[in-house]
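Below: one structure, written as structure tokens.
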Amino acid sequence: MEITYATSSSLDMSAAATAGRQVRVIPLQHPSTSSPSPGARPPPLLSSFRSKLKRTTATDWLELLVPCSRWIRSYRWRDHLQSDLMSGITVGVMLVPQAMSYAKLAGLHPIYGLYSGFVPVFVYAVFGSSRQLAIGPVALVSLLVSNVLGSIVDSSEELYTELAILLALMVGILECIMGLLRLGWLIRFISHSVISGFTTSSAIVIALSQAKYFLGYSVVRSSKIVPLVRSIISGASKFSWPPFVMGSIMLAVLLVMKHLGKSSKSWRFLRAAGPLTAVVCGTAFVKIFHPSSISVVGDIPQGLPKFSVPREFGHLKSLIPTALLITGVAILESVGIAKALAAKNGYELDSNQELFGLGVANICGSFFSVYPTTGSFSRSAVNNESGAKTGLSGIITGIIMGCALMFMTPLFREIPQCTLAAIVISAVMGLVDYDEAMFLWHVDKKDFLLWTITSITTLFLGIEVGVLVGVGFSLAFVIHESANPHVAILGRLPGTTIYRNVQQYPESYTYNGIVIVRIDAPIYFANISYIKDKLREYELDVSGDTKRGPEVERNYFIIIEMAPVTYIDSSAVQAFKDLYQECKSRDIQIVIANPNHDVLPTLARAGLVDLIGKEWYFVRVHDAVQVCLQHMQNLTESSSTPKSSSGDLMTPRRQSSFLQRLHRLRSGEGNPSTEPLLSHGEV
């Protein structure tokens, strides 16, 4: 079939100019609705999987099962070894005091923090896919462990430690399951504003929970700000100056060193050396002056962790919600950091493989007295800044931790508790993200509202409630956007055959009797009612000073541009059938333009193509407009509609319906001189 395109001479075409001219359009290839033959090809997804499986070599399988083989095979000793050694040592020096601090935050003995910074590091280096991520104990997960287990049993009992180890096993299993089932995409539904608001409030709660080591008296254990503040105020009479002064000095030293380390590359070693410096200074002060009012860590067992199977499975059911929560937080914190570092260093990272690596690290760690671990933002940043190139840096960090466990634990006995608290506070202060709140306020008020809701609920109702409320509102916003998609009225840009949103391009013009609508979303059961309401609303809209074409009193055609519609379900198809019948009863023809290649077969199988008519499906919006204009012009010329005494057109009841006359014209009955515009073979 000969195909002609609109030229500049037809850009301002009026209804009169279209009369008597054959309109040629780009043919739309309709899919076959017949059942596939026995020898038909398998579905594309299955075919793609089979071909991918055939292309997978033994090396590919090795890289999939043991990701460390990727960097081992391509390791450049001269270029990478020095950087990996320096970064591994730097992170190891930073991790030793942090691990003890986070264990205290979790309500555990400091030795379990050292264990958690030892075994999982080696396991992740083998099964993890990130080359810069530094895993181990982190503040947020430690607070979650403390908050939940503290409500079950007292932290001084052995059961508390056993439950923390069991929690590591449960978290690891959940992460492995999510990785194997490729469920990493679930984290996409959690908004960045939710994560920012949650971490900001959690950082404040963590800092307040460490106040007891600064103030010298006990503070209630809680993840809510009100009980913490009330407990701090009520115990003010027991305030002790020595730990407060020492803790404040250590905190000031840490913050200054962190600031200097961030401000200049030549001073960046100070950022990692800060925790070790605070520990050395605090320990030296206690060794020299022996202040009785400053509490110290106490005895720490020497040697590597021993193999033991997690126990207390009777509490498994009560720990499931906490395990799910910790898994979610760990995924958000770890996978997000890992992806950012991978993009920065120019390699691909599979989030599902990352989940599996974290899971295996926690499972193996649980057999060596480890509590839940994940990727650390601060240590990963230091690891990357120190020049880490491969997972060897993690192995070096693990060796440093092993040496500390075997030879240095007697030196940790005199570490002041307020120094460890200062390390925790300095670490979480970077999580207080007020700049993000200001950014959201200026960019998107809805995201700012989400940030505010998550922050307030986390502060006043607790971390668990804060996470659930934040995720709930985030999903609610997603559902609302999905259920209320953008539907635009299109107009023609002057001098072109391009149709765009009339609100975005006020200079565009529309045609009398024709409504052109674009649906900018997949169509399914949740949003089809909204779309139908919008189409009815636009159907009745005949106002506008920029309309052209034949002078008609109402709309006769609704052209639906379906290029952005990537999916349509059975509910939406049925709704479109109902809409077609409604429009037919009002003498309005529905026209479909540019349907997606995944959508058109669904419409064909549902019978919607035959119901509307193949001749009313077009490749371009412009083709549809030209055909509709010519139909209206031919109908206007072929009908001798009587006029009333006032000169107005008679009402539809006194004349044949528009669709009936349209059908006669298409059949060549209404006007012998006008041939059908489109035969079934041309469409």
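Numbers here mean position along the shown chain, with the first residue as 1.
Cβ atoms here come from the backbone N, Cα and C positions, even for glycine.
What TrEMBL says about a protein is an automatic prediction, not a curated fact.
Taken from TrEMBL, the feature domain 'STAS' covers 504-628.
Here TrEMBL flags 635-654 (among others) as region 'Disordered'.
Residues or ranges marked as region 'Disordered' by TrEMBL: 664-683 (among others).
Same-chain residues lying 6+ beyond the ends of the transmembrane segment (109-127) with a Cβ under 8 Å from its Cβ atoms: 66-68, 95-96, 98-103, 133-137, 161, 164, 168, 297, 300-301, 304-305, 356-358, 360-362, 364-365, 368-371, 373, 391-392, 394-395, 397-398, 401-402, 404-405, 409, 412, 420. What TrEMBL lists as transmembrane segment is 109-127 (among others).
Within the chain, the transmembrane segment (134-153) has long-range Cβ neighbours (under 8 A, six or more residues past its boundaries) at 91, 95, 98-99, 102-103, 105-108, 113, 116-117, 120-121, 124, 128, 159-160, 163-164, 167, 199, 202-203, 205-206, 209, 221-223, 315, 318-319, 322, 325-326, 329-330, 333-334, 358, 361, 371-377, 379-380, 382-383, 394, 397, 424, 427-428, 431, 462-464. For 134-153 (among others), the entry in TrEMBL reads transmembrane segment.
Per TrEMBL, transmembrane segment is recorded for 159-181 (among others).
Sequence-remote contacts of a segment are chain residues at least 6 beyond its ends whose Cβ falls under 8 Å from one of its Cβ atoms, and for the transmembrane segment (193-219) they are 105, 139-140, 143, 146, 225, 228-229, 231-232, 235, 238-244, 247-248, 293, 295, 332, 336, 417-418, 420-422, 424-425, 428-429, 431-434, 436-437, 440, 447-448, 450-456, 458-459, 463, 466-467, 470-471, 473-474. The transmembrane segment feature in TrEMBL is assigned to 193-219 (among others).
Taken from TrEMBL, the feature transmembrane segment applies to 239-257 (among others).
Per TrEMBL, transmembrane segment is recorded for 269-289 (among others).
The transmembrane segment feature in TrEMBL is assigned to 319-342 (among others). Same-chain residues lying 6+ beyond the ends of the transmembrane segment (319-342) with a Cβ under 8 Å from its Cβ atoms: 129-133, 135, 138, 140-141, 144-145, 148, 163, 166-167, 170-171, 174-175, 178, 184, 187, 190, 195, 348-349, 351, 354-355, 358, 372, 374-375, 377, 380, 384, 463-464, 467, 471.
Per TrEMBL, transmembrane segment is recorded for 354-371 (among others).
Annotation comment: TrEMBL describes 391-412 (among others) as transmembrane segment.
Among residues of the same chain six or more beyond the transmembrane segment (419-442), those with a C-beta under 8 A of the stretch's C-beta atoms are 97-98, 100-102, 104-105, 110, 139-140, 193, 196-197, 199-200, 202-204, 206-207, 210-214, 246-248, 250-251, 254-255, 258, 274-275, 278-279, 281-283, 297, 377-378, 448, 451-452, 455. The annotation transmembrane segment is assigned in TrEMBL to 419-442 (among others).
Long-range contacts of the transmembrane segment (448-479) within the same chain, counting only residues at least 6 positions beyond its ends with a Cβ under 8 Å from a Cβ of the stretch, are 143-144, 147-148, 189-191, 193-194, 196-198, 200-202, 204-205, 222-226, 321-322, 325, 328-329, 436-437, 440-441, 526. Among the features that TrEMBL reports, transmembrane segment is placed at 448-479 (among others).
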Secondary structure content of the domain 'STAS' (504-628), with strand meaning DSSP E or B: 50 helix, 25 strand, 50 coil
Segment-segment contact (the transmembrane segment (239-257); the transmembrane segment (269-289)) at 3 or more Cβ pairs under 8 Å: yes
